[in-house]
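Listed in TrEMBL:
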{"type": "DOMAIN", "residues": "50-218", "note": "domain 'Phosphoadenosine phosphosulphate reductase'"}
{"type": "BINDING", "residues": "Cys131, Cys132, Cys213, Cys216", "note": "[4Fe-4S] cluster binding site"}
{"type": "ACT_SITE", "residues": "Cys239", "note": "active site, nucleophile"}
Amino acid sequence: MASSNLAHAQTAKPRPSDLELVALNGMFDEKDGLSVLRHALTGDVSPAPIAMVSSFGADSSVLLHMVAQINPNQEVLFLETGKHFAETLEYIEITKKHLGLTNVRFLEPDTKDVERFDPKGNLWETDPDSCCHIRKTEPLDAALKTYGGWVTGRKRFQTNDRGVLPHFELTTDERIKVNPLAYWDNDDVAAYRKAHDLPAHPLFLKGFLSIGCEPCTSVVKEGEDPRSGRWRGKDKTECGIHFDVSGKIAHPTVEIGQKPMNLFKNGAFVADLWRDLKEDEAVTDLDHVHIPFDVYLENREEIDANPRDLGLILRPGDDVDALGEAAKQFSSIVVEFPAFTDGRGYSYARLLRERYNYEGELRARGDILTDQVAYFLRCGFDALTVQNEATKKALQNDDLGSVNLFMQPIGASQEVPVGTRPFLRRAK
Ligand code: SF4
């Protein structure tokens, strides 16, 4: 399984506070698209740079023209899914030349993911969500690792779901999406294109009002929603890159700020992007869900075939050796500590890290006490789900204690001072 949004949450630099983002939207409410884009690409909206992403679709020339005015050498990311119309690839060259853009980077899917999950190239037909995940979400996730967010060409009028789109929004993985054209409609786009004599996508002239991959794009008939030609006949309206990992369109940050933050990672409490599998919930189409180990064993084939980021829940009594090397396919593993006196979870962590070389997120969960924290670190945990208020307070104050009584050797690796471990790095 390739990179995860959660991994980004770990590496992303601090984003503006909830209030700052609300103020930013207020400040730019009346501003034109160029001002919003300029602020995104050259201002201080985020400590890490904001990426420019373009589909080179029907309306893309507007934003790209604005980019060229701000900086023609700006990197522009394009998701080369391998399923585009030949006309789109041609249009990229035409647009680059017309606008003088020098730095268009193609993002391609991981060939191993494609070989494993879409060997016949027809996944779009049977499971378009997974197809988009492999060909769009994962490559974009990987490319955005060094960015604090990205620019999109989404507009409010395009679909009902986008009707409340702000200029600046926060995703649950703490990134900022910038939508300079959020308030634009078709007439605005057409007027801008005409005023600046911008080349049209060859398929736009043939009735394709929203252009994506060839198998999933069709002509839009008069009176239809402009995006109705995408995934026609399927229960799908977005490709996944515009969803947050809970499957919802990213909302402005005020909603995020209201969720309790119990996940401690990299020295701070951060938004938790995962949930547990519900009782009797089907194991199909899961993403960022922790699955109990017994459910995994019963549905192993189906879960192993899911290309998205999945997690596992281990409880006392579960046989970690039965999981073995398969642990590596999970992006996150939760080890439950139902009672302070039950130490089996520590051994599970050691086994996963030392015997099975598990490198993903390893979470301890339970009524975690401050005194346990150093032992969790020592055994390889790099995240804690903390409900105990006293422990929360101690963690917030960097009061983590230390391991001064080694009950067991820690294996071949050298002991590393607690303060130098990634777990303890506090984002500045
Ligand atoms: S738009 Fe269609 S072909 Fe393109 S990645 Fe998504 S499902 Fe696959």
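Glycine is treated like the rest: Cβ placed from N, Cα and C.
TrEMBL: automatically predicted annotations, no manual curation.
Worth saying up front: this structure is predicted, and the values here are computed from it rather than measured.
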Taking Cys132, Cys216 as the binding-site residues to compare, which has the smallest set of other Cβ atoms within 10 Å?
Cys216
Through the lens of DSSP with three states only, how would you label Cys216 ([4Fe-4S] cluster binding site)?
helix
Using DSSP and three states only, what is Cys132 ([4Fe-4S] cluster binding site)?
helix
